[in-house]
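Copied over from Swiss-Prot, here are the features:
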type	residues	note
MOTIF	105-109	motif 'Histidine box-1'
MOTIF	141-145	motif 'Histidine box-2'
MOTIF	315-319	motif 'Histidine box-3'
TRANSMEM	56-76	transmembrane segment
TRANSMEM	84-104	transmembrane segment
TRANSMEM	117-137	transmembrane segment
TRANSMEM	179-199	transmembrane segment
TRANSMEM	225-245	transmembrane segment
TRANSMEM	249-269	transmembrane segment
């Protein structure tokens, strides 16, 4: 969902699964970042305050309409219908608020406007309302963009080598175990990452997004971590007061369950962008920024592509040019695809099927036996 028009690109012809899973090239590409930038129309790099705010206003208006209908009319429904109405509200509100999350993420990339302070204020407010420590995540996410697909320095969804996987992993490599793992990942994955750095880069000591003195941050970033914590605490206190006034069940139904859906979509989207049998990871002997940025996948979420402001199907372009606003990313993707060629990876597999397949196929990474490129690692599932 979004305000104003947006260029749409017809989806590419549907590939056979064997083509989708075919490994992308891992050698140094025959093009440069500068050549890719020249192929993109200059206006795609322009950020408009009014246009960016129009998406904020649109999303928040839709979210308010859903909230108003739920809180003013659902109690009038016969009980069987209310059992249907609330799950519909949770799903719709969760999707819309995921779009709000994406806009706040864009603020963290300085892609919302030409004014860094404005971007940070908008991002802080929106992310805090979704219980996200804005600056804390902004800084760790920036390092993810600087080190994508590096086994040593990437910040999140860092795959394990075969020698590092836990002993119980092979016992979870079956349908019931996979369902259990995915359920935990989608429901608890985001808060566990923020609080305990689960699935994040290993540090030499405890790492937490709420700790200003943790190893994730530098001395000059610590004040902003305090600000992020204050934002989350302020919203948490507001929710406490709401629960005291309206009841805990009201807060859970109106806010809590949609937030769980936001968190689940966030984990799913980022997991599928960086986890695929066709894309490589690199150790320090092979990694470079451009190849790392290209080790990402554009996905198709159907109508949700629009609701999520195309973060799902323009992620390759986003990793190459992260300060580009989302409303130009489709046009930019269309412009660079002919240059990227086989280095561009798109997978139109429905996201629910892709999530199951990747959980099955992408257990750990290892280098190919006999390959001269010992620093290039591919996903594997064989124990």
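The backbone N, Cα and C atoms fix where each Cβ goes, glycine too.
As the structure is a computational prediction, the values presented were derived from the model and not from experiment.
Counting residues of the motif 'Histidine box-1' (105-109) by DSSP class, helix then strand then coil, yields 4 helix, 0 strand, 1 coil. In this chain, the transmembrane segment (179-199) lies out of contact with the transmembrane segment (84-104); the count of Cβ pairs under 8 Å, excluding pairs fewer than 6 apart in sequence, is fewer than 3.
DSSP places the residues of the motif 'Histidine box-2' (141-145) in helix, strand and coil in these numbers: 5 helix, 0 strand, 0 coil. Note: the motif 'Histidine box-3' (315-319) comprises 5 helix, 0 strand, 0 coil (DSSP; helix = H, G, I, strand = E, B). With a cut-off of 8 Å between Cβ atoms, the residues of this chain six or more beyond the transmembrane segment (179-199) that come close are 132-133, 136-137, 156-158, 172, 206-210, 216, 260, 263-264, 266-268, 271, 355-356, 359.
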